[in-house]
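Below is one structure, written out as structure tokens, with a few remarks after it.
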Amino acid sequence: MEHILTPKVEEVKLLDRYTAKKPAIGTLYLTATHLIFVETSCNTRKETWMLHHLIATVEKLPLTAMGCPLHISCKNFHVAHFVISSERDCQNVHQSLVRLSQPGKVEELYAFLYNPKQDEDERRNGWGFIDSAMDFKRMGLPNEFWEMTDLNKNYELCSTYHSELGIPKTASKGTVFGSAKFRSRGRIPTLSYYHKESNAAICRCSQPLSGLSARCVEDEEMLQAISRANPKSTFMYVVDTRPKLNAMANRAAGKGYENEDNYSNICFQFVGIENIHVMRNSLQKLLEVCAMKSPTMSDYLTGLENSGWLRHIKAVMDAGVFLAKAVAEDKASVLVHCSDGWDRTAQVCSLASILLDPFYRTIKGLMVLIEKEWISMGHKFTQRCGHVDGDPKEVSPVFTQFIECLWNLMEQYPCGFEYNEKYLLEIHNHVYSCQFGNFIGNCQREREEILYERTFSVWPFLWENRHQYRNPLHKCSLGREVLRPSTLPLNFKFWCGMYNHFDKGMQPKQSILEHLVFGKYSDRLTYSTVCYVTALLTVFTYVLLCYVMFTQYFEIAAKGASTASSYTLGTPVFVEFFPLFSADPLKLCQVGWGASLHNYFQVSLEMFNQVQVRALAGPLKDIQRLVPKPLLHCLGTMLGFIRPEYLVSHVLRFL
């Protein structure tokens, strides 16, 4: 509390950054953990809470006629623009927030203050809720090819690895320690994922200290042991996730990549994911696009392209797909590394595991994956997320990119994941909030020393609320297969739910499904009904997108839906209305021109991707008869122009 100079400021204005409508007026409070804005200009008490440790930047802008502006940007992409009448109060709030949002040491983070009223046993059990070692048992370890070793139990082998590591059975202790001396920071090749069907493995490590000509017999033996652990293949891939020029530059500094002449039966591959500095700058450019108040479509799309963000997401996805294909189709083991093996390597290994194994597409499975590939294997959460005041060049959205890649996968496979978008956003929020101890620290060793006895684990909290994160479209029968997503550019899109989640007017705060669930028919809703409604809306959105892509723009917005029959075709519509369609199908009714699509609905269905229809309409066919008729009528009214039965009957004829 000693850092709070002014705990309360009245008559503060909260501006809407996208519109010029009247600002909300209220009182601003500063507590030890949160900034709270309580709106007093309306009948209902509306509150906006911002955790101090989520704040990324606080900027005091030049004085205006309205007062002194204060611009706050958060790590979860919440943006608030306050105007404080007194410049002195604004200065005090600014100074307080700068200090409160940038603690000098880990012990000042929110996790050390947070107390969910659990006893000591519950807290300890919480930390044992997810055990990454059990996941290796699930994969079938130990077996005749692989084993778990405790050579790193005192972190003498590698200070940033987990204490238990998976290694080939034929690798001797001398081979392991010799390889550690040849790998950057001692991060030896260790098992990430074992594919029982093909005997192929995904292993991860850091770059070798090869320089221009150095070699290490033990490291060569280590790779041979990995290759021999897969009797179904005569070679293995070594994947360097960096651009080749970057890896060559590291060679000049005494590091670099493997020389194929020194390693037997390896196939070397670069996949070209840029470094943390490029990604940090790319995200900043993307957020600048999000902050544009009234952009033209040309400005918006140009800004999105210039940010390079979706291009980077595609690069990470391409690498994950390459690994999964190598394991499942080529039946070859893969060794992956970047520079130190804790950023790009974690992204790629995680995505490949999700593509290969349906367990990681479940709510608990994703917890296990994050614990195993990110937390236990030394992703530097404290530095990459900027939890404490430190070098800003170490901050980078590595984990954010992984979550976004996963969201893109879910968009392509809406029935293939047990969890929904809300689950991804919740995990991402907790990575930055520092409310729990899981994502604090740069390695497992640090967490054991300072966190296990004083903070709580996030996983039991998420598991307790798992009903909120279930995807009602999930079908286990669709989840057993290896996913083979398309990485064509057209499959990547801007994630409005992540970057504009807190913005008013960008998309409905409550989905149409939630309106029904909590509305007058809530007592009649069954799981089948929820599945039906969700699937219907998903199909509906795809149909509308298809319509936009294959028809032309008619001047609906200007003339109104009532004169739809008189519209003539004009310029292409896809670019003009892309933000609208990517938000929510209910948006069509809100802008008043959804009814006009009725005349062209049949054409849209004919052009609709039949493969997607088969994947999405399965749940509809099974449960269509179970949905209460009043609910169907209600849904039809909300969509505004077509009865759901009519839509479903046309969709089902493709089956």
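Cβ from N, Cα, C; glycine included.
Listed in TrEMBL for this protein:
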ACT_SITE  CYS338  active site, phosphocysteine intermediate
BINDING   ASN275, ILE276, CYS338, SER339, ASP340, GLY341, TRP342, ASP343, ARG344  substrate binding site
DOMAIN    126-499  domain 'Myotubularin phosphatase'
TRANSMEM  532-550  transmembrane segment
Largest inter-residue Cα distance among ASN275, ILE276, CYS338, SER339, ASP340, GLY341, TRP342, ASP343, ARG344 [record-listed substrate binders, Å]: 12
Cα-to-Cα gap, ASN275 (substrate binding site) vs the residue listed as 'active site, phosphocysteine intermediate', nearest whole Å: 9
Mean per-residue pLDDT computed across the domain 'Myotubularin phosphatase' (126-499): 94
Neighbouring C-beta atoms (10 Å sphere around the C-beta of ASN275 (substrate binding site)): 15
Helix, strand or coil at ASN275 (substrate binding site) [DSSP, three-state]: coil
Between the residue listed as 'active site, phosphocysteine intermediate' and ARG344 (substrate binding site): CA-CA distance (Å): 6
Residues flanking the substrate site, with Cβ no more than 8 Å from the Cβ centroid of ASN275, ILE276, CYS338, SER339, ASP340, GLY341, TRP342, ASP343, ARG344 and excluding those residues themselves: THR241, ARG242, THR345
Proximal but sequence-remote residues of the same chain as TRP342 (substrate binding site) (Cβ under 8 Å, at least 6 apart): THR160, ARG187, SER206, MET377, GLY378, HIS379, LYS380
Three-state secondary structure, ARG344 (substrate binding site) (per DSSP): helix
Neighbouring C-beta atoms (10 Å sphere around the C-beta of ASP340 (substrate binding site)): 19
Neighbour count (Cβ, 10 Å) for ARG344 (substrate binding site): 28
